[in-house]
Amino acid sequence: MSNKSMSDMKKSTVAVIDYGMGNLHSVAKALEHVADENTTVIVTSDPAVIDAADRVLLPGVGAIRDCIGEMNNAGLVPSIRKAMAEKPFLAICVGIQSLMSHSEENGGVDCLNHFQGNALFFGEKHTDHDGSKLKVPHMGWNQVKHTINHPLWADIPDNARFYFVHSFYVVPENKSEVAGTCDYGLEFCVALARDNVFAVQFHPEKSHKDGLQLYKNFLHWDGKP
Amino acid sequence: MGLAKRIIPCLDVDNGRVVKGVQFVDIRDAGDPVEVAKRYNEQGADEITFLDITASSDDRETTVHMVEAIASQVFIPLTVGGGIRTCEDIRRMLNAGADKVGINTAAVFNPEFVREAAQRFGSQCIVVAIDAKKVSAEGEPDKWEIFTHGGRKPTGLDAVEWAKKMVEYGAGEILLTSMDRDGTKNGFDLGVTRAISEAVHVPVIASGGVGNLDHLVDGVIEGKADAVLAASIFHFGEYSIQEAKQRMTDAGIEMRL
């Protein structure tokens, strides 16, 4: 057997990082739904398991202070940084915000600073381009425009709708890291990409076929842009 | 381009079966909740709401298992309501795969519960359900009051003020049901829907009274609802979700098709 087919047969693991912020059921179920028989999905808070995994998914729900606090309490930050340095890594929802330098939420919280820039609040008086009132949180299905070609966008139509629930949005300093945008009163970044790290503001696990396709793309991604 | 309005089919579940009461009394069987949820998912529903209307302690386990089964197969948002009284109830439903929980009566009796739940789990998963009835007489300024126990018990609480208070306490969304209209097929109470939608900054789901597709259009255009919820028009095959979305799109409403 050649080396190539050996590696094709290889068992692969994806670690879904559990840092005590609750519901990871739907993330894990969606990954399992698209995983082939050689791929194992592990929900874990064990740094050793994260270090050993072939790819890592950082979910996020709730408020940023608790997220960063729990990551620190659980001793997960070194493993998260290590994974971001060397293997396919996907961050979801509050996960994308946690990778920024800073968030306005909870009176201001310093984050992991993988992407330079901040997470800002839409504000309770957010308005559309014509001045009409927009609800906050931004909740529901909105269109995602691809601003770059990327393996994680494979087989996903440009402007497909994904499910969002959030009140804060990320503003990266380096615009070349923006992989996708969305319009809600303003055009804002909903996907970031650099090397082997991809991060999205929406919830692929709640976004029906296109969301499942993004997870499938992640499971097949070699980490190259 | 922009955020789509949502169509949310609601499964009222009693003893493990989807049912639909007229004014919460007369019950018709509409099938197995998991099968019904899968059908709506395939039809393009934007979310699914699962309302446990038995809510006796024996049936809680059944509900948890059904939520798990739905969440393993249906990859759109799922809200679970009915009998949510404690943070432990919320935790169990979220762990079973619910994305949001609906809090109704418990919020009326203990508003602090909403604050506690939002702080612990995040506003994004706390939906406060409001059952309102019009109490103003003809010729008087409009006034709606909160009712509990399936619309039987008045509380003296003004519906619009209550909605504002619940948002202040951390509700991330309001599910507004008109108890006068529920099951009648006469359309939403557009007055209370609009009054609450304009009074709060979080999304409002209109519920109660949908009898045809124009009612859904009216809920968004005149009621200013962010989402519309309906049960019986979908359960008994009168309309599909696609037909509803097409009608709303034709009326100029942004939808996910």
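A Cβ is built for glycine as well, from the same backbone N, Cα and C atoms used for every other residue.
The active site annotation in Swiss-Prot covers B:D12, B:D131.
For B:D131 (active site), the count of additional Cβ atoms within 10 Å of its Cβ stands at 26 [all protein chains shown].
In this structure the alpha carbons, written CA, of B:D12 (active site) and B:D131 (active site) are 15 Å apart. Summarising the environment of B:D12 (active site), the number of other Cβ atoms within 10 Å of its Cβ, over all protein chains shown, is 24.
Under the DSSP three-state reduction, B:D131 (active site) is assigned to strand.
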